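Notes follow the structure.
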Amino acid sequence: MASESGKLWGGRFVGAVDPIMEKFNASIAYDRHLWEVDVQGSKAYSRGLEKAGLLTKAEMDQILHGLDKVAEEWAQCTFKLSPNDEDIHTANERRLKELIGETAGKLHTGRSRNDQVVTDLRLWMRQTCSTLSGLLWELIRTMVDRAEAERDVLFPGYTHLQRAQPIRWSHWILSHAVALTRDSERLLEVRKRINVLPLGSGAIAGNPLSVDRELLRAELNFGAITLNSMDATSERDFVAEFLFWASLCMTHLSRMAEDLILYCTKEFSFVQLSDAYSTGSSLMPQKKNPDSLELIRSKAGRVFGRCAGLLMTLKGLPSTYNKDLQEDKEAVFEVSDTMSAVLQVATGVISTLQIHRENMGQALSPDMLATDLAYYLVRKGMPFRQAHEASGKAVFMAETKGVALNELSLQELQTISPLFSGDVSCVWDYGHSVEQYGALGGTARSSVDWQIRQVRALLQTQQA
């Protein structure tokens, strides 16, 4: 049990710890997030001790009852921290002793805070991954529903931020939804690797007291058991993977936010954010600022920083547990909170977004059909490279004459290639343009419908 100082490790120390060091060393301010899973892990471990003959049935029941009381106090916000509670494990064990007496000292038999904390963290992150998966699926569903409802809306697609080709608005939505399905799949994979039990590894060498780790695994519903006690207590691959998942997901969300920030400017006027996700200016009354999207974009940087910071912490550590690993939890808690907020705000933005169909249509221009003009010649038998050059000459001719590409006469086009004929007029129809891209993954309606079905099927599979 704890020494007179209240420390779980104080037996070989003489004198008090410097108060500045006390504060520097403590993690209770943030690892209190783990109170519930710490109790959960301790209850499972007490059952393991009872099976190993290290606790009597009465002692186990006493500990379990005491842990239930500890959990009740946390849940009701009546748990009182002590100045000596340097972390959640110390706090819970100290309170357990106050409730049930010296029997509490048997709970830590064969267990180290090294395997205890990493078990707690895996339990907490496992639940967090499930919660975030649900939020991410809801965002993707919202996007797919919107894509299905607005399939007939056309607007300019951009490359290099220059107008490129006509596409369906739904095609743009789905481009981001598909990226997010990879994120949702990746998060499930991260959760699978989180779901491995380290409890029973001790500090470094393992557990010498015949504690049944399979029992612990079943009690805590883990999918597997760690293979090596040294690796189990010191590796934080699962934390790094989670932070990388968040970084990549935020990359995708930030890019979508950037598109929408541009689209809602007066210069584009393709979309309008709901007032619920906008703010105003303290000086300029006319302003409607896309703060929700700007914050999504900026919070990506915070998440990246947490990921990079953890990797910098891990890369120089010697084998097994080092106190440096205390830094992992703040990163996990902050990023989890950020991702939860971002996913919910993004869902709200997408579900309430207003589109300006007329402005989208007016932004389409004949020069965006230059590629279609080349395809017209390809269908007439011209090799694509020659067709590309011929279309480029038509663009140059229109620019020289100061007219739109579709205003060139048939005779003028025929000076470029005799393959041009009266049916070239069909090239200038935007609806015809998007419908020719019928290959799977394209912007034709049939392909967009296929994409919608595929994304919904992916979601169904992931949620199974």
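The backbone N, Cα and C atoms fix where each Cβ goes, glycine too.
The N-acetylalanine annotation in Swiss-Prot covers ALA2 and rests on similarity to another entry.
The N6-acetyllysine annotation in Swiss-Prot covers LYS7 (among others).
Annotation source Swiss-Prot lists 2-(N(omega)-L-arginino)succinate binding site at SER27, ASN114, THR159, ASN289, TYR321, GLN326, LYS329, citing similarity to another entry. Here the Cβ of ASN114 (2-(N(omega)-L-arginino)succinate binding site) has 22 other Cβ atoms within 10 Å, regardless of which shown protein chain they belong to. A helical conformation is recorded for ASN114 (2-(N(omega)-L-arginino)succinate binding site) in the three-state DSSP classification.
Cβ neighbours within 10 Å of LYS69 (N6-acetyllysine), excluding its own Cβ and spanning all shown chains: 17. Look at Swiss-Prot and you will find LYS69 (among others) tagged as N6-acetyllysine, backed by similarity to another entry.
The annotation active site, proton acceptor is assigned in Swiss-Prot to HIS160. Note: HIS160 (active site, proton acceptor) has no non-local neighbours, i.e. no same-chain residues 6+ apart with C-beta under 8 A of its own C-beta.
The Cβ neighbour count for SER281 (active site, proton donor), using a 10 Å radius over every protein chain in view, is 10. Residues or ranges marked as active site, proton donor by Swiss-Prot on the basis of similarity to another entry: SER281.
Cβ neighbour count for LYS288 (N6-acetyllysine): 13 (other Cβ atoms within 10 Å of its Cβ, all protein chains included). Residues or ranges marked as N6-acetyllysine in Swiss-Prot (evidence: similarity to another entry): LYS288 (among others).
Residues within less than 8 Å, Cβ to Cβ, of GLU294 (site 'Increases basicity of active site His') and separated from it by at least 6 positions along the same chain comprise ALA257, ILE261. Mapped onto three states, the DSSP output places GLU294 (site 'Increases basicity of active site His') in helix. Swiss-Prot lists GLU294 with the feature site 'Increases basicity of active site His'.
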Smallest number of other CB atoms within 10 Å: among the binding-site residues SER27, ASN289, that is ASN289
Have a look at the recorded positions LYS69, SER281, LYS288 and say which one has the shortest Cα distance to THR159 (2-(N(omega)-L-arginino)succinate binding site). LYS288
Taking Cα atoms as reference points, which of the recorded positions LYS69, SER281, LYS288 is nearest to GLN326 (2-(N(omega)-L-arginino)succinate binding site)? LYS69
Radius 10 Å, atoms counted are CB only; among the binding-site residues THR159, GLN326, which position scores highest? GLN326
If you measure from the Cα of LYS329 (2-(N(omega)-L-arginino)succinate binding site), which of the recorded positions LYS69, SER281, LYS288 is the nearest? LYS69
List the Cα distance (Å, whole number) between SER281 (active site, proton donor) and ASN114 (2-(N(omega)-L-arginino)succinate binding site). 51
To the nearest whole angstrom, state the Cα distance for the pair LYS69 (N6-acetyllysine) and SER27 (2-(N(omega)-L-arginino)succinate binding site). 23
